[in-house]
Amino acid sequence: MNGRGALSRKSALSVLAERLSAALARPAAQQPCWPDAERANAVIELLHEADPIVTPAETARLRARLASVARGEAFLLQGGDCAETFAGNTEPHLRANLGVLERMGDVLAEAAGLPVVKIARMAGQFAKPRSKTEDARGLPVYRGDIVNSPECTVAARTPDPHRMLLAYAHAAGAMDVVRKLCAEGIEPRVAQVVLAGARRASPVGAWPFPDRGRPARPSEIYVSHELLLLDYERAVLRPDSAGPEPRLASGLAHFLWIGERTRQLDGAHIAFAELLANPIGLKLGPGCTPEEVVEYVRRLDPHRTPGRLTLVSRMGHDRVRELLPPIVEKVAASGHEVIWQCDPMHGNTRTSGNGYKTRHFGHVVAELAGFFAVHRQLGTHPGGIHVEVTGDDVTECLGGAAGIAETDLPDRYLTACDPRLNGDQSVELAYAIAKLLR
Ligand code: PEP
Ligand code: MN
């Protein structure tokens, strides 16, 4: 390395450090108030010493895969728990969730006639944004295992920075399991709905029963989580000079997304994401205007890199056909090659008669139908889906071939945050999408 190269690298690094400080100095929504700032800083210092959980080579491979999605040559399947928990971070749970992605990926690949890029919400999906700061009892809300504990005591709900170290350790352990399972091969989840469907005598339509399995085979699955808790996200960054400008590679996940509640254009999350070398997702809710979206695209994809930015619409089944077209048109006219992904879960959440936060399978399918119809009409590529799913046999979402009813919700309502499709509902959803693609 010659002297000039070393010098310019150093100045690039100091520019990045300055931009990072400026980003983090902006207002940041949804951050916990640590009761003891000194203790929080000590944890953050410790995290700065931590090794990356994902490798630059893996993230680079995902960038290439996502470029092919943006060009219409592949489909993106992203899914997993709404909130991972420390207690739930077990090999059987990870295997079950990966088995669902594997099966959904098989069905979608066959239907779309395209390779499917798979990204799990896994190995770090521990932080949650919340609509209120206090719960009905007046306790601080649960913000995910990385911040506090869901138990209903003041002590449990008080944010504890030490949990960031536990989260890092859990994420690293989960990533080891993901790598091992991908190398060994993951058995795809097979839907069991035949019996349940018969029991409920509900018509199951055109999808094939019984569902077919196949032997496990090695798989390529990337990991992602919401870029939410900035004290955690800022800790494991490395300079990255592979792209069009010097950036920082997060070693905490291959893919990070910004949620609906933290996408303020003048806020810290957008400014932080601008600096990242990782591919970035951005959730777009019904309040989002086409003008705003073009501004996001300009900020987060300044070099017009295909697949750099994934726009995740979550408009609700009843609004997607009205709200999505002007956004897609305006971005398409800007010339940026983004990935259009649909999250059919978060715009369709409601409270059941018996008090459970839930979603109806039919609404999830209806939002996806709207999403595919909009893209078909505009001639753009409906690049992928982002879903909350688990291979565990939970009863959190209504409907599907097994006909889960409100009275079934208490049976196995196990989520730490939002309701997930269970294994059978997830496979059934993949078949429903296959029908929409035909
Ligand atoms: C989520 O993905 O769990 C989430 C909170 O989504 P959104 O930001 O779209 O509400
Ligand atoms: Mn969620």
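Placed from the backbone N, Cα and C atoms, the Cβ positions cover glycine too.
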Among GLU110, GLU322, GLU388, which is the one TrEMBL gives for the Mn(2+) site where CYS82, HIS346, ASP418 also bind?
GLU388
How far is it from ASP418 (Mn(2+) binding site) to ARG121 (phosphoenolpyruvate binding site), counting Cα to Cα, in Å?
13
How long is the line from the C-alpha of ARG261 (phosphoenolpyruvate binding site) to the C-alpha of HIS346 (Mn(2+) binding site), rounded to the nearest angstrom?
12
Neighbour tally for GLU388 (Mn(2+) binding site), based on other Cβ positions within 10 Å of its Cβ:
26
Taking ligand 2 as the reference and 6 angstroms as the Cβ limit (strictly under), which binding-site residues among CYS82, ARG121, ARG261 are close?
CYS82
Just give me the nearest neighbour of CYS82 (Mn(2+) binding site) among the binding-site residues ARG121, GLU260, ARG314, Cα to Cα.
ARG121
Would you identify which of the binding-site residues ARG121, LYS283, HIS346 has the most other C-beta atoms lying within 10 angstroms of its C-beta?
ARG121
Could you state the CA-to-CA distance between HIS346 (Mn(2+) binding site) and LYS283 (phosphoenolpyruvate binding site) to the nearest Å?
10
